[in-house]
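Copied over from TrEMBL, here are the features:
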DOMAIN    A:80-291  domain 'ABC transmembrane type-1'
DOMAIN    A:379-567  domain 'ABC transmembrane type-1'
TRANSMEM  A:24-45  transmembrane segment
TRANSMEM  A:84-104  transmembrane segment
TRANSMEM  A:116-139  transmembrane segment
TRANSMEM  A:159-185  transmembrane segment
TRANSMEM  A:216-238  transmembrane segment
TRANSMEM  A:270-292  transmembrane segment
TRANSMEM  A:317-343  transmembrane segment
TRANSMEM  A:378-405  transmembrane segment
TRANSMEM  A:417-439  transmembrane segment
TRANSMEM  A:445-463  transmembrane segment
TRANSMEM  A:519-541  transmembrane segment
TRANSMEM  A:547-571  transmembrane segment
Amino acid sequence: MMADVSAEQPSGTARWTFLASPSLIKIALLVVVAILVLGPVIVLLRASLAPQDVLPFETSAFTFANFRQIFAGNDTFTLLTTTIAYAGGSVLLGVGAAALVAWLTERTDMPGATVIRVFLFSWMAVPPLVIGFGWVLLINPGNGALNVLARAALGLTSPLFTIYSFWSLIIITAFSVFPTAYVMLGGLFSNMDPQLESAGHVHGSRSFTVMRRITLPLLIPGILSVGIFMVMIVVQAFEIPFIVGLSAQIRVLSTRVYLLASPTTGIPNYGLSSAFGVCLLGLACLLMWVYFRCVGTGEKYRVVTGKAFRPRRQKLGVWRLPVTCIVFALFGVMILPLLMIFWTSFTASYQVPSLAALGSLSFDNYSRALASPFAQQAIINTLVLVFASATLVMFLGSLIAWFSVRDRGLAARILDVLAFAPTAIPPVVMVIAILLVYIRTPVYGTIWILVLSSVTVQLAFATRTMTSALTQLHKELGDAATVCGASWWTSFRCITLPLLRVQFLSGWLFVAAHTSRDLTIPLVLMTSSNVVLASAIWMMWDFPDLPGAAAMAVLLVLGLLVIVLPVQILATRGRSGA
Amino acid sequence: MLKVSHLERTYPAQPGGAAVQALKSVSLSVEQGDIFSLLGPSGCGKTTMLQCIAGLETPDAGRIVIGGETVYSRDERIHLPANERGLGMVFQSYAIWPHMSVAENVAFPLLQRGRNPGREQIARRVDDALAMVELAGYGNRSATQLSGGQQQRIALARALVHKPRLLLLDEPLSNLDAKLRDTMRIELRRLIKSIGITAIFVTHDQVEAMGMSDRVALMRAGKVIQVGTSKEIYLNPHSAFAADFMGSGNLVACTISDVDNDRAVTTTPFGQIQAKVAAGLRAGDDAILVIRPNAPIIHTQPVDAQGDLAQIPGNVSSVTFLGEKIEVRVCLSGGYDFVVTMNTFEAPVEGQKVYLTLPAERCIVVHKDHPVSSAARSVDLEGLAA
Ligand SMILES: Nc1ncnc2c1ncn2[C@@H]1O[C@H](COP(=O)(O)OP(=O)(O)OP(=O)(O)O)[C@@H](O)[C@H]1O
Ligand SMILES: [Mg+2]
């Protein structure tokens with residue numbers, strides 16, 4: 001039988017297969033990622049050192065004028081303190097509430113835990129843009145629904161609430177921090193080894209003492225690291241400060257960067273905007289550094305282990321009913337802005353919700369919105385944007401993950417770092433930098449520049465997801481294919497990718513949801529031909545066509561829910577089934 | 001068939017660790033049709049060696065020749081990628097792809113590198129391969145519905161279906177339970193021999209290595225210590241490590257008082273004993289005397305010690321019943337606990353006085369271990385204490 005062995009030896013391979021060799025792919029990846037990530041950063045730095053009012057390519061002059069201007073006025077100091085107070089305040093509130101609710105749902109016998117979990121996990125389907133508009137409709141001092149109601153009920157003369165205050169901004173942001181922090185903390189609370197607590201009980205401590213002396217100290221580092229992470233996110237956040245904060249004259253770094261680059265009047269000041277962007281980037285990097293100092297770099301790829309502890313659940317006793325009521329009231333407040341948008345989407349012209357107005361509700365806005373070529377174009381653009389960027393970025397992320405897990409050479413490490421870098425780059429800064437890079441190219445003004453930006457912004461997430469998935473995949477599965485004669489590319493396509501399809505898909509859905517709800521990218525790069533749903537809503541709101549904007553917003557939320565809800569229900573069911 | 005010379009592999013230091021020298025100038029030569037075992041304790045570099053041969057790991061120096069073709073040479077800058085070496089490999093975890101059916105798994109190698117022998121040809125060869133591992137008719141099953149033993153056989157079918165020139169097996173039996181392991185070992189050897197393929201077999205279990213292979217390379221800390229048939233290594237180990245790893249034994253520290261050809265007279269705490277001597281030992285050397293537990297002939301009465309027979313008196317301190325044999329601990333004059341195995345039907349009683357007769361050809365003096373690792377020392381000490 002050995003005689004025919006030589007006949008079986010592979011003959012010459014097809015000539016193009018060298019294109020699929022891992023080292024070539026690695027180099028190609030490096031180039032692509034460097035262009036995506038480093039390109040904008042370099043141009044941003046260059047622009048910050050260029051004279052104002054010119055594009056960085058069009059000048060050879062270097063000047064520190066922008067930075068001098070920033071550090072000269074005490075305007076900057078106010079801006080910085082406002083930003084920090086804003087981020088700190090909303091994170092304190094949001095993470096505090098999230099920790100409390102996470103403890104209630106994971107470690108006590110509070111009813112409705114599953115509903116709360118699905119609700120909060122699905123909240124990512126709700127664009128911050130829509131929430132911002134909802135709150136404006138609810139509590140603006142003139143005709144905000146709550147204010148009108150309060151006036152009628154209490155006979156007040158001045159408005160009870162106002163959206164145009166620092167506190168409103170903080171509370172609204174806290175509501176958006178809350179679900180994300182809950183998602184991060186939930187795993188922490190449910191995965192805590194209950195034996196540590198049992199040990200306390202065995203030694204005769206009372207429940208409250210155990211909580212104070214054992215549970216809390218164990219959880220503090222986790223809560224703290226989530227807190228720092230959220231500060232990083234809020235400092236980078238743009239949409240809520242933009243929608244809520246601007247009318248109130250509350251400026252934070254991210255909105256300042258945007259307004260300088262896209263002023264409502266006058267010409268863009270790219271130089272100063274870039275210089276502020278560099279400052280914001282510095283702040284974000286500093287926070288990132290603090291974050292990693294606190295949690296250790298190991299945390300970067302931390303995966304929530306499937307280890308199913310059955311934690312001891314605290315009995316709430318007499319507190320059960322009041323606590324449940326308070327928590328559900330909180331969710332009621334969270335939903336209010338959505339309900340307000342929903343209401344508005346059925347009105348012919350905006351009016352405060354009342355029984356009297358009920359008769360005049362109709363679907364007119366929806367049919368009007370769906371009939372207009374503008375909206376149709378926006379929907380098509382959104383679909384293209386979502387499908388293209390989610391697919392591209394997950395694919396890129398998978399490739400990078402493969403090299404950073406399996407190759408581990410110098411090039412692979414550089415790739416890994418480059419792919420992780422966008423985490424520290426605030427999206428608004430990144431997008432303005434991308435604008436500067438591509439403004440003179442034909443890509444600018446098409447939907448593809450949005451795709452490119454989304455890919456860059458989501459690259460870190462995609463890489464992280466696929467990296468943690470790949471580390472759990474036995475290396476021998478891929479090796480087996482290689483020894484069987486498969487080329488690197490075949491092995492990746494036929495073995496690695498199919499085996500990671502679940503993680504790929506859930507990553508894809510996450511990216512899709514976040515891309516379609518995002519306003520930052522479409523707004524900064526907006527031209528008449530690349531309007532997507534988010535920017536269309538913004539334009540209609542600004543026009544102002546509140547009912548039309550509301551109808552589009554409802555459509556967007558519904559579309560997102562269709563994607564997000566089934567996944568979350570399945571995931572929750574799988575979790576409780578395990 | 002396979003020639004490996006002066007192979008080196010050092011894993012670069014990971015953050016927070018030191019570099020690991022996994023292979024230190026390893027040379028080997030495997031004949032066509034042999035089953036060759038790489039045997040050694042955990043972490044000695046067996047898997048690294050196998051992966052270098054397969055091409056999954058790139059060595060730092062040396063040369064690998066498979067069937068006359070140089071697949072790796074540092075000096076000639078040759079490195080044939082793993083997928084072009086035409087080998088078959090069975091992995092420790094079997095690496096059966098869970099998203100494919102059994103038939104798809106087995107057919108995979110037939111479809112690589114631009115080959116496509118056609119639908120019928122593939123079906124026929126997959127069926128042949130499955131029949132060969134006695135899993136005919138399992139083709140449509142999902143790969144996840146198989147037992148451990150079946151998965152292992154699928155892995156074997158997949159490794160053999162494209163008729164590779166060399167079969168590599170990385171601890172293929174270690175994931176099976178003890179009973180199945182014994183039957184699979186015999187089965188595996190029969191199958192490999194019937195095909196006539198050359199196989200490299202990695203294991204850390206000396207019983208497995210002895211049962212499977214024609215020749216064994218004993219490895220330790222990245223080096224090949226000794227190569228030979230398992231019988232050679234068992235009977236004539238060169239070092240205390242080899243003696244201890246290939247089977248249990250009493251390892252006694254001794255001094256060589258005289259060497260004559262292949263015989264030596266050694267001085268031990270319980271008297272002078274004649275033994276075979278490993279190459280390179282001279283009179284005056286400190287060495288280790290290896291006495292397998294089944295080597296001593298036990299008498300209850302003193303007999304005439306003549307020629308090269310040594311006779312040592314002792315007291316039975318314990319008797320352990322192990323089924324097919326019994327393990328007897330004999331306390332010798334120097335306070336030594338000496339382990340002897342005996343026929344179940346000849347069990348002595350505790351406290352009984354016995355005489356151990358040691359023929360010279362059943363004892364061997366070997367080199368003390370180089371102070372490579374303190375682990376080996378503690379093994380020696382355990383041997384002494386036993
Ligand atoms: N990828 C790697 N990076 C760094 N060190 C490694 C790597 N793979 C193996 N090593 C180290 O190289 C040495 C040899 O490893 P190898 O896997 O070859 O051992 P082995 O003999 O197969 O052991 P086992 O019987 O446990 O499988 C070990 O010390 C191991 O820690
Ligand atoms: Mg191994």
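Glycine is treated like the rest: Cβ placed from N, Cα and C.
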Same chain, outside the transmembrane segment (A:84-104) by at least 6, Cβ under 8 Å from its Cβ: which residues?
110, 113, 116, 120, 166, 169-171, 173-179, 181-182, 185-186, 188-189, 219, 223, 226-227, 230-231, 234-235, 241, 250, 252, 323, 327, 330
In the same chain, which residue numbers or ranges, 6 or more beyond the ends of the transmembrane segment (A:317-343), come under 8 angstroms Cβ to Cβ?
97, 101, 104, 109-112, 116, 119, 123, 126, 130-131, 133-135, 137-138, 145, 175, 178, 353, 550, 553-554, 557
Interface check, the transmembrane segment (A:216-238) with the transmembrane segment (A:417-439), three or more C-beta pairs under 8 A
yes
For the transmembrane segment (A:445-463), sequence-distant contacts whose Cβ falls under 8 Å of one of its Cβ atoms, 6 or more beyond its ends:
33, 36-37, 40, 381, 384-385, 388-390, 392-394, 396-398, 400-401, 404, 416, 419-423, 427, 430-431, 434, 438, 507, 510-511, 514-515, 518, 521-522, 525, 527, 529-530, 532
Same chain, outside the transmembrane segment (A:417-439) by at least 6, Cβ under 8 Å from its Cβ: which residues?
30, 33-34, 37-41, 43-44, 47, 55-56, 232, 235-236, 238, 254, 257-258, 261, 270, 273-274, 277, 280-281, 284-285, 288, 300, 397, 400, 404, 449, 452-453, 456-457, 459-460, 463-464, 518, 520-521, 524-525
Given pairs 6 or more apart, does the transmembrane segment (A:159-185) have at least three Cβ pairs under 8 Å with the transmembrane segment (A:116-139)?
yes
Between the transmembrane segment (A:116-139) and the stretches A:378-405, A:519-541, A:547-571, the largest tally of CB pairs under 8 Å belongs to A:547-571
Same chain, outside the transmembrane segment (A:24-45) by at least 6, Cβ under 8 Å from its Cβ: which residues?
18, 56, 274, 277-278, 281, 396, 399-400, 403, 407, 411-412, 414-415, 418-419, 421-422, 425, 429-430, 432-434, 436-437, 452, 455-456, 459, 488-489
